[in-house]
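Structure record follows, encoded as structure tokens.
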């Protein structure tokens, strides 16, 4: 009987959470086409065309903050790295933080220190299908076009 009550409460909470999430999505779909255009830079490195656009994004991601004016010319990798580092400090220490090359592109091998998985990516950060491995580091640019594995240990 106790297990049934626990199961019922768990399902009820899950249903309520799903309902609230759907309700939040509806709430976040505000109309911004007539909003005055004044660029705003967000803490995730994205430039929003209006305050309304920013508020719509903040509704879905309450951690977003405003930085005045348009964002400085920052690469996508650097902006993502900065944002995820902030998230890791605030709430989610297990979040994936990308590694960037000096020119702002993504490093060809990305590793998630929490899960131990590594994978190959393109210079713009798109994962290369079939390259993800656990506790090993793929060598992404094999001369014959193949992905090679090197043993890598996580502490």
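Cβ coordinates come from backbone N, Cα and C, glycine included.
Nobody curates TrEMBL annotations by hand; they come from automatic prediction.
Listed features, source TrEMBL:
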type	residues	note
SIGNAL	1-19	signal peptide
DOMAIN	22-73	domain 'Kazal-like'
DOMAIN	74-140	domain 'Thyroglobulin type-1'
DISULFID	111-118	disulfide bond
DISULFID	120-140	disulfide bond
Neighbour count (Cβ, 10 Å) for residue 140 (disulfide bond): 19
Distance from residue 118 (disulfide bond) back to residue 140 (disulfide bond), taken between C-alpha atoms, in Å: 11
DSSP-derived structure type at residue 120 (disulfide bond), helix or strand or else coil: strand
Helix-strand-coil residue split for the domain 'Kazal-like' (22-73), DSSP-based: 17 helix, 7 strand, 28 coil
Between residue 120 (disulfide bond) and residue 111 (disulfide bond): CA-CA distance (Å): 9
CB contacts for residue 120 (disulfide bond) [other CB atoms within 10 A, all chains]: 22
